[in-house]
Amino acid sequence: MFKATLAIWLSRSVNLITQVAPGELRPALWLTLKAFLLLFAYYQLKPLREALILSEHDATIRSYATAIQALVLFLLMPLYAYLVRHLGTQRMFSGVLVVAVISLALFWLGHGLQLPVAAPFYIWLGIFNVFIIAQFWAECAAYYQPEAGKRLFPLIAAGATVGGLLGAVSAHWVFIVSGVGGAFAVAISGYVAVWQTPRPISCKVAQASADRSVDAKQHWFRGLNHLLLNPYLMLIALFVLLLNTGNSLGEYILARWVELQYSGADQIGAFYGGFYSWVNFATVLCQLFLVSRMIRWLGVSSALLLVPCLMLGGYLTLFFLPLFWLTYLYKVAENSLDYSLQNTLRHTLFLPLSGVQLYEGKAVIDTIFWRLGDLIQLVIVLLGSHWLLLDLSGYLLINVGLALVWIWICLRLQRHIALLSADLSRRGAADPGA
C-alpha cells in the first residue's frame, strides 16, 4: 500500500516537471539521484577550491590555473581514450569515482600537513568535474532514444540543479562548523554515494533504447576526427565554446564591478555568497518549471536562441546603462538560464547521434572545447588589460560580438537539426517494427 502510494505521488510530482511514460519513472529517478549526488559533492568542493587558491595565492594565479586546466586536458585525452577503450564506459565511470575519492583524501592529508596543495587541487577539480559530468551525460544519452531523452533530460538536469543548490547552501554551514576538513569529508561521502548508486540496466525504459548501446572498444580520442568530418558535431563544439567563453567573460565583468563596489575578503565573500544563492535558486525554478515547457512548446531548435538573444540584449543594455545593480540582475538571469535551459539543450543536441559519434565526439566537446572557452576568456582579459587597455565598456562590446556569432551558430544548428530529424523520420517509416 505504501509503495503504491509513494509511486503515485512520485509520478504526479515528476509530471509537474516533464511527461513520463509508463516504465520510465524508476530508471529516470536513479539517473536523477546520481546527477543530484554528483553536483552536491562538487558544490562542496567549489567554494573550498576558491578558499584554498585565494588564501595561498592570488587572483592572478587563479587565472593561470584555469588556463592550465585546458592545456592539461589536451595531454590527458590520449590516456583517457586508452582507458575507455580497454575498460569500457561504465567501468571507466566507476574507476574515475574511485580515483576521485583517493585523490580527495590525499589532498585533505596534504592540507593537514600544510603542503602547498591549492594550485594542484584547483587544476585537478576542474579537470575531474569536466570528465565525470561528460561521462555521466554520455551514459544518459546512450540510454535513451531521442524523443525520450528530450522529455526526461530536464528531469535528470533538475536533479543536478537541486544538488548544486543544496550543495552550495550546505557548504556554507559545513565550512563554518568544521572548516576545510568537513568540506573534504562531505564531498568524499557524496562521491562514494554516487559510486554505490545502481545503474538502471534492468529497468525497461523502451525496447528501442537497447539499440543505443555502444561498443566500448571504440577509440574516444578519434572524437576530434569526427568533429572535422561532421559539420553538426563541429557546430555543437562551437556552440559549447561560445557558451563558456561568453559566460566566463561576463563573470570577469561582474568581478570588475565587485572590485569597485566592495573592499576586503569578508565583503566580497558575502556578496558572492548572496549572488550564488540567487543564481542557484533561480536555476532550480527554471529547471523545474521552465526548461521542459520551453523545449516542448518551442522545440530544441528555437529554444537554442533564447540565451544568445538574452546575451545580445543584456550586454547592449549594460553598454548604454553601465550600472552595478543592473549587471548583478543580468548575471543572475544569464547564469540561471545557462545552468538550466542551455545546459539541458547542449546535452540534448547529442541525442540524434550514433554511439561512436556520441561517445567520442561528446568527450572532446565537453572536455577540450568547454575548457577552451576558459582559455579564450583568459587571452581576451590579458590582451584587453595589458595591450588594448580596455575598460568595462570594451569587454561589454566583445560579448555583444560573441552573442552575434553565437546566434549565427544556432541558426546553422537549426538547419542540421531539421535534416537529422527528417532522416530519423524516414528511417522510422522504413522500419516500422523498430
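Placed from the backbone N, Cα and C atoms, the Cβ positions cover glycine too.
Sequence-remote contacts of a segment are chain residues at least 6 beyond its ends whose Cβ falls under 8 Å from one of its Cβ atoms, and for the transmembrane segment (28-45) they are 10, 14, 20, 104, 125, 129, 132-133, 136, 140, 143, 152, 155-164, 166-168, 170-171, 174, 183, 186-191, 193-194, 197-200, 203, 205. Under the heading transmembrane segment, TrEMBL lists 28-45 (among others).
Annotation comment: TrEMBL describes 65-84 (among others) as transmembrane segment.
What TrEMBL records for 91-109 (among others) is transmembrane segment.
The transmembrane segment annotation in TrEMBL covers 121-140 (among others).
For 152-169 (among others), the entry in TrEMBL reads transmembrane segment.
Annotation comment: TrEMBL describes 175-194 (among others) as transmembrane segment.
Here TrEMBL flags 227-249 (among others) as transmembrane segment.
Residues or ranges marked as transmembrane segment by TrEMBL: 269-291 (among others).
The feature transmembrane segment is assigned by TrEMBL to 303-325 (among others). Long-range contacts of the transmembrane segment (303-325) within the same chain: residues 239, 243, 246, 250, 253, 257, 260-261, 294-295, 333-334, 337-338, 341-342, 345, 392-393, 396-397, 399-400, 402-404, 406-407, 410-411, 413-414, each at least 6 residues beyond the stretch ends and with a Cβ under 8 Å from a Cβ of the stretch.
According to TrEMBL, the feature transmembrane segment maps to 394-411 (among others).
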Task: Same-chain residues near the transmembrane segment (394-411), Cβ under 8 Å, at least 6 residues beyond its ends - done: 235, 238-239, 242-243, 245-246, 249-250, 252-253, 256, 304-305, 308-309, 311-312, 315-316, 318-319, 322, 380, 384, 388
Task: Maximum Cβ pairs under 8 Å to the transmembrane segment (91-109) - stretch from the list 121-140, 152-169, 175-194, 227-249 - done: 175-194
TODO: Mind checking which residues of the chain, 6+ beyond the ends of the transmembrane segment (152-169), have their Cβ under 8 Å from one of its Cβ atoms?
DONE: 14, 17-18, 20, 24, 28, 31-44, 46-47, 140, 144, 190, 276-277, 280-281, 283-284, 287-288, 291-292, 295, 339-340, 343-344, 347-348
